[in-house]
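*Asks:* Would you mind keeping the following structure in view while I ask a few things?
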Amino acid sequence: MAIVSAEKFVQAARENGYAVGGFNTNNLEWTQAILRAAEAKQAPVLIQTSMGAAKYMGGYKVCQSLITNLVESMGITVPVAIHLDHGHYGDALECIEVGYTSIMFDGSHLPVEENLAKTAEVVKIAHAKGVSVEAEVGTIGGEEDGIIGKGELAPIEDAKAMVETGIDFLAAGIGNIHGPYPENWEGLALDHLEKLTAAVPGFPIVLHGGSGIPDDQIKEAIRLGVAKVNVNTESQIAFSNATREFARNYEANEAEYDGKKLFDPRKFLAPGMKAVQGAVEERIDVFGSANKA
């Protein structure tokens with residue numbers, strides 16, 4: 001099915017009691033790993049770039065072109081959305097212009113009325129080009145590209161107002177955070193999520209900070225209305241651990257590898273790529289989106 005807007009497959013997840021994964025990429029290798037995992041599991045997927053990752057990769061146009069061409073060259077058949085994660089207003093508009101098929105405008109750091117007004121503007125522009133829109137109310141804990149949130153519970157009335165702007169799916173704070181969860185984390189506020197989904201019945205909710213949340217809590221959140229779960233830190237840890245292990249083994253057994261040119265980055269990065277693919281496949285299974293393409 002190739003490159004598509006995320007609206008239909010996220011809504012299908014909401015209606016059928018599973019969630020799709022929004023997996024952040026940081027380079028060519030991660031993008032390949034995510035695509036391989038999605039194809040192997042026959043799962044729809046959003047490949048996401050944060051503002052920082054896009055800058056690192058050479059800009060939004062480079063990211064859009066990379067993902068689009070890999071989908072074609074790798075023969076990917078599952079639905080893939082190219083999604084901006086936590087974008088400022090100008091970044092959201094740029095991504096719409098260069099060919100992203102889904103964007104998140106994050107105005108959660110703005111006064112509520114300004115957030116709503118700017119979101120409505122983004123929705124009008126995006127929908128005119130068939131681009132799906134995610135927005136946020138409350139703030140997600142942790143730090144994302146310099147935006148620091150304390151992990152608020154999204155106000156119900158603000159969530160209802162945000163849905164009325166015409167967005168396609170809503171990120172709302174329910175005690176979740178970006179990055180590793182501390183030992184004293186109290187868990188998702190599932191009672192608040194239940195109130196939230198009752199206020200916007202049938203509307204897809206997005207769970208940010210999906211890495212490190214116990215599987216039973218994720219599954220209960222999906223049962224209550226979460227239809228998209230974002231994952232980044234988990235993939236980063238998997239990649240880092242596998243790459244470090246490869247380096248340790250190489251240094252300890254250098255003679256064994258003599259002549260194999262393992263200094264070649266294509267070989268050096270391979271274990272990390274495989275680890276990311278494995279992590280993504282495992283999350284797809286937990287989210288219930290395998291064989292939903």
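Heads up, the Cβ atoms here are built off N, Cα and C, so glycines get one too.
Residues or ranges marked as D-glyceraldehyde 3-phosphate binding site in Swiss-Prot (evidence: similarity to another entry): Ser50. Here Swiss-Prot flags Asp85 as active site, proton donor. Positions annotated as Zn(2+) 1 binding site by Swiss-Prot, on the basis of similarity to another entry: His86, His178, His208. According to Swiss-Prot, the feature Zn(2+) 2 binding site maps to Asp106, Glu136. Swiss-Prot lists Gly179, Gly209, Gly210, Ser211, Asn230, Val231, Asn232, Thr233 with the feature dihydroxyacetone phosphate binding site, giving similarity to another entry as the kind of evidence.
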*Asks:* Checking the binding-site residues Ser50, Asp106, Asn230, Val231, Thr233, which are within 10 Å of His208 (Zn(2+) 1 binding site) at the Cα level?
*Replies:* Asn230, Val231
*Asks:* Reported as an integer number of Å, what is the Cα distance between Asp106 (Zn(2+) 2 binding site) and Thr233 (dihydroxyacetone phosphate binding site)?
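*Replies:* Cα-Cα, rounded: 19 Å.
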*Asks:* Applying a 10 Å Cβ distance cut-off over all chains shown, what neighbour count does Asp106 (Zn(2+) 2 binding site) have?
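*Replies:* 29, counting other Cβ atoms within 10 Å of Asp106 (Zn(2+) 2 binding site).
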*Asks:* For a quick check of packing: other C-beta atoms within 10 Å of the C-beta of Val231 (dihydroxyacetone phosphate binding site), how many?
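*Replies:* Counting Cβ neighbours of Val231 (dihydroxyacetone phosphate binding site) within 10 Å gives 26.
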*Asks:* Could you say which of the binding-site residues His86, His208 has its Cβ with the most other Cβ atoms inside 10 Å?
*Replies:* His208
*Asks:* Translate the DSSP assignment of Ser211 (dihydroxyacetone phosphate binding site) into the three-state scheme.
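*Replies:* It is coil.
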*Asks:* Cα within 10 Å of the residue listed as 'D-glyceraldehyde 3-phosphate binding site': which of the recorded positions Asp85, His86, Glu136, Ser211, Asn230, Thr233 qualify?
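*Replies:* Checking each Cα against the residue listed as 'D-glyceraldehyde 3-phosphate binding site', the hits are Asp85, His86.
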*Asks:* Measuring Cα to Cα, how many angstrom lie between Asn232 (dihydroxyacetone phosphate binding site) and Glu136 (Zn(2+) 2 binding site)?
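*Replies:* That separation, Cα to Cα, works out to 18 Å.
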*Asks:* Checking the contact step here: among the recorded positions Asp85, His86, Glu136, which have a Cα within 10 Å of the Cα of Asn230 (dihydroxyacetone phosphate binding site)?
*Replies:* Asp85
*Asks:* Can you tell me how far the Cα of Thr233 (dihydroxyacetone phosphate binding site) sits from the Cα of Asp85 (active site, proton donor), in Å?
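*Replies:* Rounded to a whole number, the Cα-Cα distance is 14 Å.
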